[in-house]
Amino acid sequence: MALKFNPLVASQPYKFPSSTRPPTPSFRSPKFLCLASSSPALSSGPKEVESLKKPFTPPREVHVQVLHSMPPQKIEIFKSMENWAEENLLIHLKDVEKSWQPQDFLPDPASDGFEDQVRELRERARELPDDYFVVLVGDMITEEALPTYQTMLNTLDGVRDETGASPTSWAIWTRAWTAEENRHGDLLNKYLYLSGRVDMRQIEKTIQYLIGSGMDPRTENNPYLGFIYTSFQERATFISHGNTARQAKEHGDIKLAQICGTIAADEKRHETAYTKIVEKLFEIDPDGTVMAFADMMRKKISMPAHLMYDGRNDNLFDNFSSVAQRLGVYTAKDYADILEFLVGRWKIQDLTGLSGEGNKAQDYLCGLAPRIKRLDERAQARAKKGPKIPFSWIHDREVQL
C-alpha cells in the first residue's frame, strides 16, 4: 500500500536473478526464526519463538503499518470531487449487458460439441511450455485475490464504501471496478482447469493462502498514495497480460491469446480511469500529489501478490517473478517504463510553484526511471543462468528461474 524498507523484500523493482540474491526472510524460514530468536524479548528458546507463529500469517514480514497519514482537512478534496468522479470516472465502466463474460471464450457445457471443444483446447495447451504456464498461473492467482484489492480500496479515507452499498461515485466505482475485474480470474481459472496442464488443488491452496495473507501496499489509508498505486498496478497488469497474449499467439494458441488480450484491454481502460484521478489531484493539489508520488516510489511499488505462498515454497513470489522476468512477461525494465510513462502522463517536469519539498520530489521522480534502467542493465550484464526449481502448480515439474 515511520516505514523501514527491507532490501530483501521481493517487491523491489529492479529484481536481480534469484541465484544472486539472498533469500527473503520468512515467517516459516530458518532465517526468520534465527532473526527472531536473536531478539532479547525472544531469547528464552525455540518454544517461545514457535508460539509467536500465528495461523494465517503472511509468508514473509510486512512493514510497520502506518495508518491515516493524510491530513483530515484533505478529505474535503475528495468530497469536492464527487461530481467530477461521476462525470469523469464512471464513464470508464462498461454496461454489464454489453460486457464480455468468461463463457464467451470457453467451451459451452450445454452444447453437443462440448467434449470436442475441450479436446481442442487441451491439444492447443499441450504446445505451451511449462514456464509459460507458471507465469499464466501466477497471473491468474493475482487476479483471483480480488477480495483483497477491494478491501484495500475501502481502506482509503474519503473514498471508501462506508455501507457496502453507498451511492457515492467513489463507492460505485469501487464496486463496479471489482465486478469487472472478477471476470479476469474466473476466465483464467476455468481455462487452466480445462487445460489439464496444472495442479488445480495446489493453485486453489495458493489463492486461499494469498487472500488470507492480504497485501502490504503501504498506502496508509491515504487516497493520494492509493490511487498512485492503482495507476501503476493497472498499467503493470496491462503489460503482463498483453505479453502473455503475445506469447500464446507465438506458441500457436490463438484462443488463449484472445483471452489474455481481452483482459489486457480491461486493464488498460482501468488504468486510464485511475491515472485521470491522479491527474485531477495534480490540478487541485500539485505539491501534495508530487510528494505522494515520490513517497510511493521511494517505498517501491510492491506487486499485489507479493505475499504469495503455496504451503511449501516461502520464496514462491520471487520464483514466479524470476520466470516472468526471464520470459519477458513483466520485467524490471517494464517497471522503469511504467514510471517513465506516469512521469510524462502527469507532466511532472512541468510542475511549477512547488514548495521546497515538492521541488525535491519533482527532481527525484524525473531522475528515477533512468537510474533504475542503468541499474537493471548492470544487473543483466552480471546475471547468471538461474537454477531449475519445481513448481507445485505444474505437478512439481522443474522450470528454470
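Using the three backbone atoms N, Cα and C, a Cβ is placed for every residue, glycine included.
Swiss-Prot has this to say about the protein:
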- 1-35: transit peptide (TRANSIT)
- A36: N-acetylalanine (MOD_RES)
- E143, E181, H184, E267: Fe cation 1 binding site (BINDING)
- E181, E234, E267, H270: Fe cation 2 binding site (BINDING)
If I restrict to non-local contacts, at least six residues apart, and a C-beta distance under 8 angstroms, what lies near E267 (Fe cation 1 binding site) in its own chain?
E234, R235, T237, F238, H241
Determine the Cβ neighbour count for E234 (Fe cation 2 binding site): the number of other Cβ atoms within 10 Å of its Cβ.
23
Specify the count of other C-beta atoms within 10 Å of the C-beta of E181 (Fe cation 1 binding site).
20
Cβ within 8 Å of the Fe cation 2 site centroid (E181, E234, E267, H270 excluded): which residues?
W177, E180, Q233, T237, F238, D266, K268, R269, E271
Among all the protein chains here, how many other CB atoms are within 10 A of the CB of H270 (Fe cation 2 binding site)?
23
Output field, Fe cation 1 shell: CB within 8 Å of site CB centroid, site E143, E181, H184, E267 dropped:
L146, E180, N182, R183, G185, T237, H241, I263, D266
Could you state the CA-to-CA distance between E143 (Fe cation 1 binding site) and H270 (Fe cation 2 binding site) to the nearest Å?
14
Euclidean distance between Cα atoms of H184 (Fe cation 1 binding site) and H270 (Fe cation 2 binding site), Å:
13
Looking at Cβ-Cβ distances, which residues of the chain lie under 8 angstroms from H184 (Fe cation 1 binding site) while being 6 or more apart from it?
E143, I263, D266
What three-state class does DSSP give E181 (Fe cation 1 binding site)?
helix
